[in-house]
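Scroll down for the structure; my scribbles are underneath it.
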Amino acid sequence: MEGKWLLCLLLVLGTAAVEAHDGHDDDAIDIEDDLDDVIEEVEDSKSKSDASTPPSPKVTYKAPVPTGEVYFADSFDRGSLSGWILSKAKKDDTDDEIAKYDGKWEVDEMKETKLPGDKGLVLMSRAKHHAISAKLNKPFLFDTKPLIVQYEVNFQNGIECGGAYVKLLSKTAELSLDQFHDKTPYTIMFGPDKCGEDYKLHFIFRHKNPKTGVYEEKHAKRPDADLKTYFTDKKTHLYTLILNPDNSFEILVDQSVVNSGNLLNDMTPPVNPSREIEDPEDRKPEDWDERPKIADPDAVKPDDWDEDAPSKIPDEEATKPEGWLDDEPEYIPDPDAEKPEDWDEDMDGEWEAPQIANPKCESAPGCGVWQRPMIDNPNYKGKWKPPMIDNPNYQGIWKPRKIPNPDFFEDLEPFKMTPFSAIGLELWSMTSDIFFDNFIISGDRRVVDDWANDGWGLKKAADGAAEPGVVLQMLEAAEERPWLWVVYILTVALPVFLVILFCCSGKKQSNAMEYKKTDAPQPDVKDEEGKEEEKNKRDEEEEEEKLEEKQKSDAEEDGVTGSQDEEDSKPKAEEDEILNRSPRNRKPRRE
């Protein structure tokens, strides 16, 4: 029963695709109503057939609790910004109107939450600067433990231009969280960022030059994965950064690795400078020859080379077409044109009628003075140049010599970064309602994974429980991308229709074809199938009656004798002969 409804739904989908292609709005509305009715009927039939099946278990939210040592963890389920400090700073070199960090933050549930009671930190404003930060339980020191940073982001309204990255603020004596701004020193910046069609997942760390003490930003290579979906699907995604003491790093989204590498080899610019550099004082010698080819100095221009010959010459074989109007101009003043009333000859000059095509030239091959057409000059050679040969004095492309880099250093442990003591969000966004949740910083991978399972894992399970059926997902996708209707028809409805057509449309073999399989004489084939079957049935009954009478008479005439077997075999042979002539054997075989 359910299969029939699905088939009906596929047929309706095909109808909707055709109507959508025609572009009639009223018809499209009717089709949507039909689709809703069919979907409701399918759901009713499913509910009846699955009445004995227990409903899917409802996911109940419970705030995650760290299962081990953490430097920071916050699920925001207490419902307040306790522990977080809003910035009161102003951005430098910015107009006063937009220099303030006056963007609003709130702790609230997601607008379309599947987990009642699950709250998070929400960036509420658009086109404003936002800054908020919180102290760690204790500073993180880069020694023998890995660093694992993890948090969740949901772009509830999508994202036009803005970021959702975190900054791990360096431990300094000057650090004041209420003055947190864009130039506050940080150790690591990590998280998603997007503007236009540029989708990024930042991992930046500030490396201290051991010789000069100057900090320089080092950027990880761009991930190979396509990041667009994480910004557009309006789902909660889990971002994880793992830094190991052996300088390796991993970046994960939803617990799947999207980028990995080594701090020594996969950062731009590199952590360690080159041992040698080009000598800035070196200069190319004046006689240095970088020309790989030169003109042949021994080549001589041929005596018959005419450099003055034109590239085009008149075609001497051309003749003027008959009927050419030499005395008629190609264009004439428009006789119907009149000088505008506001024409001022002192200001505008003498008025002249606009030129139009001479109507007399329309029926003639041409007008005006006839000139021979130009053709390529077969004797044209152009300016003579000597051929090019290899330069015997070629010395290659000059490069300055290499000298030892006076600023060279070698840091083989870039993992040992500046300790940090706070986490902060310093963001500008053109989109509001960005949802953050379940921040955790730890040195234990197991603790972070448990936190993810108890937080993000519940969101994922709740989303799966509330996920619509396959049919509804197809309909929702087609609403966003109308061209999918055509795909549905070609990949689903059309093959199903062809299979049904193939299976249900049997084709009878004609009697004439069946008769080709035997040499026995056969009656003429009737045009009507019904008459043939009726005649066969009647002949069969007559033959059976004759056979019964024959057997009865034979039994009365012949007594029981010692040659009983011989007598019994005779009626049997006659019976076989009659059966061979019976119309039963002439009935066509059914497929």
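For all residues, glycine too, the Cβ spot is worked out from N, Cα and C.
Under the heading signal peptide, Swiss-Prot lists 1-20. Feature annotation from Swiss-Prot assigns Ca(2+) binding site to Ser75, Asp118, Asp437. Under the heading N6-acetyllysine, Swiss-Prot lists Lys138. The annotation disulfide bond is assigned in Swiss-Prot to Cys161-Cys195, Cys361-Cys367 on the grounds of similarity to another entry. Sequence annotations record features per position, and here Swiss-Prot assigns region '4 X approximate repeats' to 279-346, 349-406. Summarising the annotation, Swiss-Prot assigns repeat '1-1' to 279-291. The region 'Interaction with PPIB' annotation in Swiss-Prot covers 327-360 and is backed by similarity to another entry. As annotated by Swiss-Prot, repeat '2-2' applies to 368-378. The topological domain 'Cytoplasmic' annotation in Swiss-Prot covers 504-591 and is backed by sequence analysis.
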Query raised in the report: DSSP three-state call for Asp118 (Ca(2+) binding site): helix, strand or coil?
Result: coil
Report summary line: Spatial hits near Asp118 (Ca(2+) binding site) (Cα distance within 10 Å) out of the recorded positions Lys138, Cys161, Cys195, Cys361, Cys367 come to none
Query raised in the report: What else in the chain is close to the repeat '1-1' (279-291), if you only count residues 6 or more beyond its ends and a Cβ gap under 8 Å?
Result: 391, 393-398, 400-403
Report task. Out of the recorded positions Ser75, Lys138, Cys367, Asp437, give me the one sitting nearest to Cys161 (disulfide bond) by CA distance. Result -> Asp437
Requested in this report: Kindly assign Cys367 (disulfide bond) to one of the three DSSP-derived states: helix, strand or coil.
Outcome: strand
Query - For the residue listed as 'N6-acetyllysine', nearby residues of its own chain (Cβ under 8 Å, 6 or more apart in sequence) - result: Tyr71, Ser421
Query - Other same-chain residues whose Cβ falls within 8 Å of the Cβ centroid of Ser75, Asp118, Asp437, the recorded Ca(2+) site, in sequence order - result: Ala63, Pro64, Phe76, Asp77, Lys119, Gly120, Glu152, Asn438, Gly455
Report summary line: Smallest Cα-Cα separation from Cys361 (disulfide bond) among the recorded positions Ser75, Cys195, Asp437 is shown by Cys195
Query raised in the report: Where the distance is taken from Cα to Cα, which of the recorded positions Ser75, Cys367, Asp437 turns out closest to Cys195 (disulfide bond)?
Result: Asp437
Query raised in the report: Tell me, by DSSP, whether Cys361 (disulfide bond) is helix, strand or coil?
Result: helix
**Report entry** Cβ neighbours of Cys195 (disulfide bond) where a neighbour is any other Cβ within 10 Å
**Finding:** 14
Report task. Pop the Cα-Cα gap between Cys367 (disulfide bond) and Ser75 (Ca(2+) binding site) into the table, whole Å please. Result -> 90
